[in-house]
Structure formats: structure tokens, C-alpha cells
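As recorded in TrEMBL, the features of this protein are as follows:
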type: TRANSMEM; residues: 13-34; note: transmembrane segment
type: DOMAIN; residues: 15-252; note: domain 'Nodulin-like'
type: TRANSMEM; residues: 99-119; note: transmembrane segment
type: TRANSMEM; residues: 140-160; note: transmembrane segment
type: TRANSMEM; residues: 166-186; note: transmembrane segment
type: TRANSMEM; residues: 206-224; note: transmembrane segment
type: TRANSMEM; residues: 230-254; note: transmembrane segment
type: DOMAIN; residues: 349-514; note: domain 'NFD4 C-terminal'
type: TRANSMEM; residues: 355-373; note: transmembrane segment
type: TRANSMEM; residues: 388-410; note: transmembrane segment
type: TRANSMEM; residues: 422-443; note: transmembrane segment
type: TRANSMEM; residues: 449-469; note: transmembrane segment
type: TRANSMEM; residues: 481-505; note: transmembrane segment
type: TRANSMEM; residues: 545-567; note: transmembrane segment
Amino acid sequence: MKDLLGLSIIDGWFLWIQSCAGIDYLFGSISPVIKSSLNYNQRQLASLGVAKDLGDSVGFLAGSLSEILPLWGALLVGAVQNLVGYGWVWLVVTGRAPVLPLWAMCILIFIGNNGETYFNTAALVSCVQNFPKSRGPVVGILKGFAGLSGAILTQIYATIHSPDHASLIFMVAVGPAMVVIALMFIIRPVGGHRQVRPSDGTSSTFVYGVCLLLAAYLMGVMLLEDLVDLSHTVVIIFTVVLFVLLLIPIVILVSMSFFLDPRDPVEEPLLPETPKQEPGKSVQETPEVIFSEVEDEKLKEVDLLPASERQKRIAQLQAKLFQAAADGAVRVKRRRGPHRGEDFTLMQALIKADFWLIFFSLLLGSGSGLTVIDNLGQMSQSLRYDNTHIFVSMISIWNFLGHVGGGYFSEIIVRDYAYPRPVAMAIAQLVMAVGHVFFAFGWPGALHIGTLLIGLGYGAHWAIVPVAASELFGLKKFGALYNFLTLANPAGSLVFSGLIASSIYDREAEKQAHGNNYLVQNSESIFPGMFGLNEPLKCEGSICYFLTSLIMSAFCVVAFVLSMILVHRTKIVYTHLYGKQRS
């Protein structure tokens, strides 16, 4: 009971850490003040966005240090990076420090945002290993709270009631660091993998309910603050209620550990460590070799049989192979590498087509969604909306629901139907393709609908991909695999935001500035101005992002095709993993 209580408290506090681990979603709110204060154009601002995305995704150092340092040490490194990076940006924007060249600002943004990779790695790796049988809901909830952090920090910023928009950068620098430093000694690692309990479904349902309540509450508060001129006292009351709602999941997890029905004591302890093998004897060698031969010899139709019949056929084939090997009729060969569903190293995964299908599908789908998040401030301004914070908060809330909903529905797909989880990602990419079309045409209310569809689709990606990667490539090196896949985010941002969106935006802005006399210089490269200091340009109307949005919509359809190829290739794997539970 003590281990389970500790596990519940630890994973509950991880929700708080994740609640401030999505500061990259606030870039759409802080980018306008950076652009105006430092006199940047859209290409220069896009360079900062790409640096931000790189910092959020390059987690190899975080993964490596997490294996060497204690958990609190890794969290402390992340908190210091966040404070130093964004703190210095705040000093530059407010004139308290000398203006730095663009490349130096990119480094500061990279350092500041890279801090959250330590928060994500610590939370995801620990919780996925603690809950191996509930990966979908756990990852969905954790990533959902990270996605919701933009709306949470925006509400706290509204409480500060500062007319200086640069104070939001200060809060991004100080807020997450304070939370992590306050909690890093409370959180301790728990050894082993926890057994599945009958109460897990009940507690997950409660936490899901609180997640939905929290998202609905924040949405209502944001709409009220946008439509009605509320007093500062009312805003403070709203923020206090927000903190109460954030505490409820922890209370639920702890109470479920205290008030458990008596059950079989065999299920109580954490899973035991791997048994020690006797000297001079390889416990795994013979079964592993024979199983490798079984995989080579069995017919593909065997995988599609009911679980009981499949096990019977495999047992018969194993027996024949054992006898043949004993008689010398066949020579059992050693397996050359893991099969799908087993533990892969990063290098082993990099030579698998399935891994690259996930990566490129993620690059096109998630990368286009991240481009919208990074440029949402300019998108709303181009459509003549004054309050850009409301759309940043809305996409943060929809992103949160995408995380939670993606994890929940993908779990239904695999548990109830034993169908490949990536099909949920394919559906999310179709939803995003429609969302980009709304952004392209700028119809009345299009920004609200587009924000909804892009937020849901983008959030679903990051609830589905980590779980699918752990199912196909194992948990042993999950940290390294996950952090490599996150590189798809900055790669997509570089293509869609750094090259396509910013170039088209600046070109349309120059056309509007110079009227019909604007002439495109054929000799001008796409890159000049990216690291210079030109006068900032503003574009107005749906034309600013029309072509960019249509391009991203088309690439989301390509991502859908890649995901469906992955679904076709992994049907047998998911039948293996989840077919037994249905029979």
C-alpha cells in the first residue's frame, strides 16, 4: 500500500509539472511584443520560432542526463535553463539588457525552451514505465496538461493585470522554474512496473472527468474575459478556482490509494525485478532462439487466429523445432535483431521503415499544426482581431482536449478492436487538413473553427505517437526513441514556418505596402533578411496565410496516407499485443 500511495502522489505531482511544461504554446502570445520591441520582420520572428521548436524537441541531452542524474537533478537543470533563457529574453525586450543579434536571441530561446524537455522526459518515462498497461490514457493526460499550460499561464497573467505585455515573458521565465524547484524534492522514482488494479479504470475516469471540467472552466473564463469587462477581483477569484481544480487530480489519486477494496495480495506489489541468471547458464538463450525460429517458420495466417488457437499452433511448431534441433535435422540460428513489439535500441529502430513512417507522418501533420500555433498571433492580427491572447488560450485548450481525447479513443481502438493505434493519428491528420482550409479562406468565424480543429488534431498526435512508439519498439530505450521522434516538430516548423509561411507573409506585406508597383526580384534569395534587421512589415486579410494554409492542408493529406501505410504494416503486431485480451 505504501508503494502504491507513493506512486499515486508522484504521478499526481507530475500533472503540476506538466501544467507548466508547455510554455512553447505561448510563443504566439509573446511573439508580437518581441517583434515590435526588437523591430523584427516575419522571417526573423520565424527564426526565433524555429529555435524555440528545436529547443522543445532536442531532448537527447535530457534523456542522457536523466539516466545519470537523480530525478530532482534533471528537473533542476531544466528549471535553470528555462529561467536563464527566457529571463535574458525578457531583459533584452524590456531594455534592461543590451540588444543582442538575432543568432544570440535564437540561442536564448533555444536554451529556455529546451528546459521543458527535462520536464517531459522525467514525466513521460517514469509514468509510462509505472503504468505499462495504461499507456494511452496516461500519456494523453500528461501531454494534455502540458498543452493546457498556455491557457493556465495566460489566466495567471490576467491576474497580474499588467499593461506591459513583456511581463508575460517574465512569467514564462519564472513560473515554471518556481513550480519545478518547489516539487523536485517531493518527487522520487519508484522502482519496477506497477501491476494493473481493478480501481485503475475508476480513477482514470475521475481524472478524465476533472480534465474535461478544467478545460471547460478555462474556456468559459477566457470567453467571459474577452466579451465582458470583468473587475480585477473577479479575475483573481477565477484564478483561485483554477488552482483548486488543479489540485483535484492529486486528491483523487491519493484517495483511491487509501480507499481500495481488498484484493489478491499477489497483485499488490510492484512487478519484481528481472530474476538473476545462474552462473554459466543463459536463461533466455534457448527460448529466444526457438521463438525466433517460430517467427520465421509460422504462416502469417496464424497471427489472425483467435488467441487460444494461435498459442496452440505456436506451441506445436515450437515442439517440432525443439525435436528437430535435438536430432540435428536443423540448425537453430540466432536472431539478428528484435521483432516489432520488442525492445529496440535507437540504432535498431532507425533502420526500420515503420519508425520512419511515424517520423515523416509526424513531421507533416504535427509540423503544420505547430506552424499555426507559432503564427497564431500574426494570423489573428491579419484578420483584424485585437485580442490575440484569446486565440492562443483557445488553441491551448483544444490542444489539451486533443491530447486527452487522442489517448482515450486510441486506447478504445486497440483494446476493443485490436486495431493499430496509428489509425487514430490518420483521423487526426484529416481533421487538421480541414482546419487549414478554414484558415486559408478566412470565412466569418473561421479562426474559431480552425483553432478548434488544428488544436484537437495537433494534440492528438502527441498522445498517440509516444504510445505507438513504445508498443512497436519497446520501453527499454523509450526515452531515446521518443526524443528522436520529437525532432519531427522543429523539422516541420523549419519547412512550414521558417521557409514557407514567413516568406509568403513578408511578400504579401510588401505588396500591400507598395501597392501594385511591387516587383518580385528574381535574384533575391528566400533567406536574406532572416538574420538582418529590416523594418517590420504587417499584412492584413486572409491572403496573408491563404497559400500557406492550402499547402499545409495538402501535406496533412500526405501524412494521412503515410499513417495508413503504417496501419497496414502493423496489423499483425497489434493482433499479437491486444488480440488475447479480446478473446
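For all residues, glycine too, the Cβ spot is worked out from N, Cα and C.
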Hey, would you say the transmembrane segment (99-119) packs against the transmembrane segment (355-373), going by three or more CB pairs under 8 A that are 6+ residues apart?
no
Find the average pLDDT over the domain 'NFD4 C-terminal' (349-514) in the predicted model and report it.
87
Can you say which of 166-186, 355-373, 388-410, 422-443 has the most Cβ pairs under 8 Å with the transmembrane segment (13-34)?
166-186
Segment-segment contact (the transmembrane segment (388-410); the transmembrane segment (449-469)) at 3 or more Cβ pairs under 8 Å:
yes
For the transmembrane segment (422-443): best-contacting stretch of 166-186, 206-224, 355-373, by Cβ pairs under 8 Å:
355-373
Rank 140-160, 206-224, 481-505 by Cβ pairs under 8 Å to the transmembrane segment (166-186) and hand me the top one.
140-160
Cβ under 8 Å to the transmembrane segment (545-567), counting only same-chain residues 6 or more beyond its ends: which ones?
354, 357-358, 360-365, 368, 371-372, 375, 379, 382, 419-420, 422-423, 425-426, 429-430, 432-434, 436-437, 439-442, 496, 500-501, 504-505
Cβ pairs under 8 Å with the transmembrane segment (355-373): which stretch of 140-160, 206-224, 449-469, 481-505 has the most?
481-505
For the transmembrane segment (206-224), find every same-chain residue at least 6 residues outside the stretch whose CB is under 8 Å from a CB in it, and list them.
137, 141, 144-145, 148, 151-152, 154-155, 230, 238, 241-242, 245-246, 248-249, 252-253, 256, 390, 393-394, 397, 400-401, 404, 408
Residue numbers, six or more beyond the limits of the transmembrane segment (481-505), whose CB comes under 8 Å of its CB atoms:
42-43, 45-47, 49-50, 53-54, 56-60, 62-63, 117, 121, 124-125, 344, 346, 349-350, 355, 358-360, 362-364, 366-368, 370-371, 374-375, 378, 465-466, 469-470, 473, 526, 530, 537, 539, 544-545, 547-548, 551-552, 555
